[in-house]
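Written below as structure tokens is the structure these notes are about.
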Amino acid sequence: MGKEKVHISLVVIGHVDSGKSTTTGHLIYKCGGIDKRTIEKFEKEASEMGKGSFKYAWVLDKLKAERERCITIDIALWKFETAKSVFTIIDAPGHRDFIKNMITGTSQADAAVLVIDSTTGGFEAGISKDGQTREHALLAYTLGVKQMIVATNKFDDKTVKYSQARYEEIKKEVSGYLKKVGYNPEKVPFIPISGWNGDNMIEASENMGWYKGLTLIGALDNLEPPKRPSDKPLRLPLQDVYKIGGIGTVPVGRVETGVLKPGDVVTFAPNNLTTEVKSVEMHHEALTEAVPGDNVGFNVKNVSVKDIRRGYVASNAKNDPAKEAADFTAQVIILNHPGQIGNGYAPVLDCHTCHIACKFATIQTKIDRRSGKELEAEPKFIKSGDAAIVLMKPQKPMCVESFTDYPPLGVSCGDMRQTVAVGVIKSVNKKENTGKVTKAAQKKK
């Protein structure tokens, strides 16, 4: 076995008909976790339906259909491997909750593959003001996906004919846009591919001798392995708190950043309760330390179940402990709201595991969704489709962190049984409260 392979999560973005499914399907098909039997079954079904040539996208469509019907789908189907890395495709747009998923941290991507339709008319539609190419790229950058690969697809199309001039034209225009968003185009590989025929996907294409760069798989293998946030201070949002006979109080949650070890002194926010951790368990086994991504239960001393609850955040008392937020500034996109939203609007905010009403205290500026430029200072109202910077005030004590410090914590606002807005927290004003320190914690000081 030797060294373990690096795990990288990818999101595949791009305009509706850019060929994301075919391209993704092709990678999974060629390097992936789908067994031959499943592929043969899909191929047979595809040819029976007269979709023989559509087999790569068909693979993905089958997976999506199973996912939509909530059949818990074997996640191996969304994986593919190279010599160096294991890639998991965590979401592909077209899935209706894509934007929401990207934001609320159900999917923290390490890198994005932006698929572009290079055909005449197709490219222009995707990059136009209403196209999704720009929006997806901006969203990826805003949400902290700092590595990008651009796959200029459909180079086999009769309007493109593997043309170097078309490649240069697209590269120039998309680079300009990515630069505006915040990416450094020098570091973004542009790869002319055919997701359908496989040109430059895994092997260099014989149809494009003029292109001397990496194949798509080569570029994926060149991605920087993600730094897992175990070196950041501990943040562990609580999902539940149990009282277990003979053991005591056991909060449960997923470590988002940092590490948790038995013997640590933790502070819970927003109530500032400080105590010692007796033991940490995952799947009924004791751990010497829990790292980001681990779902753990931990036993705390001298704390009653009434003292802490879901939505609280555990942190290390000696290393930038979490605090209650007095208010915070968020950049939000209004997704669906029937009317106008003004100052004073108070939807329920979901961030990590907490679920608390937050007031739009001041809508500070309305911004352009695609460029991030200010359009209007202190607008009276914002409506569906608008992006804005808003000062928000929690209506009950809550703990949130800025997105740059603790990326897994994006926010979504709900009202009328739907997601009204999604966004990221830019900065937080924290309250300096004093809270109860248990005897166990005092002894450890």
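Cβ atoms are placed via backbone N, Cα and C, with glycine included.
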Which residue range, 25-29, 70-74, 210-214, 215-219, is the one Swiss-Prot calls region 'G2'?
-> 70-74
The residue range that Swiss-Prot labels region 'G3', out of 47-50, 91-94, 251-254, 291-294, is 91-94
Select from 153-156, 221-224, 365-368 the stretch of residues annotated by Swiss-Prot as region 'G4'.
-> 153-156
Which residue range, 14-21, 126-133, 430-437, is the one Swiss-Prot calls region 'G1'?
-> 14-21
DSSP on Lys79 (N6,N6,N6-trimethyllysine), three-state: which is it?
-> strand
Using Lys187 (N6,N6,N6-trimethyllysine) as the reference point, find which of the modified residues Lys79, Lys261, Lys306, Lys396 has the shortest Cα-to-Cα distance to it.
-> Lys79
Could you state the CA-to-CA distance between Lys79 (N6,N6,N6-trimethyllysine) and Lys306 (N6,N6,N6-trimethyllysine) to the nearest Å?
-> 42
Protein Cβ atoms within 10 Å of Lys79 (N6,N6,N6-trimethyllysine), excluding its own | 17
Ten-angstrom check, please: count other Cβ atoms within 10 Å of the Cβ of Lys261 (N6-methyllysine), all chains counted.
-> 15
Compute the C-alpha separation of Lys396 (N6,N6,N6-trimethyllysine) from Lys306 (N6,N6,N6-trimethyllysine), stating it in Å without decimals.
-> 17
